[in-house]
């Protein structure tokens, strides 16, 4: 009997370690599965797609899905084409960035205004307390893309830049920083729209600056105001009525960027 006691004493920590290993293996399995899903999404969806006929949307829903089929039909009265973005949580910023820069290829006056505002934006962020060393590379990439447009690059080359993961993600990071900066500058106004007892700064650190965090009204308003670029979003969901619900940010302005929103995702629209 005495010989068995050490074995019993050893079994307890072994069981504990085993559970720890199992938990770790489970966590790793989940992470591996998430990586596989992201890889599949990446293979199937470019960061920004070619321009497509809007009618491709019909095929994304069942023929007897009357709500969406009717809303697509309504959308077709106002728009002819769509350019899709990868559903990775960064789609709003990527869609905004490509849509506006593409439009600037044919609008030299707006290009010069936008370039001046964008050039000064780094200085504004630094004055707010953002570290220049931290944001400099992201700002440089942003300005490089604007200068690419200024040199009258082709839409195909601009699209290639946006589908380069590093370039595209650096642009997204900088647009997130601009959004955060504006929200914090205007914190007295925006604090009333933030739930959970968080400060505007906490909200920005948790919901705006990190990559892959989805965007809502508050993000759109802030970026539109920060760069003085009006955005019209067509909201398409399962709500009643056979029409999409357009919303212009800021209200009453003349839209320069047109986006389609379906729950959790933004794509680019063309008239």
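Please read every residue number as a count from 1 along the shown chain.
Quick reminder: no glycine exception, Cβ is built from N, Cα and C everywhere.
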Range annotated as region 'Ubiquitin-conjugating enzyme E2 binding' in Swiss-Prot, from 206-213, 222-229, 230-237: 206-213
Annotated stretch (region 'Ubiquitin-conjugating enzyme E2 binding', per Swiss-Prot) among the listed ranges 142-150, 151-159, 160-168, 169-177: 169-177
Nearest-integer angstrom distance between the alpha carbons (Cα) of residue 221 (site 'Interacts with free ubiquitin') and residue 261 (site 'Interacts with free ubiquitin'): 15
The region 'Free ubiquitin binding' (245-251) - residue tally per DSSP class, helix then strand then coil: 0 helix, 5 strand, 2 coil
From recorded positions 91, 261, 266, the one whose Cα lies nearest residue 235 (site 'Interacts with free ubiquitin'): 261
Top Cα neighbour of residue 237 (site 'Interacts with free ubiquitin') in the set of recorded positions 91, 261, 266: 261
Packing count at residue 221 (site 'Interacts with free ubiquitin') (other Cβ atoms within 10 Å of its Cβ): 21
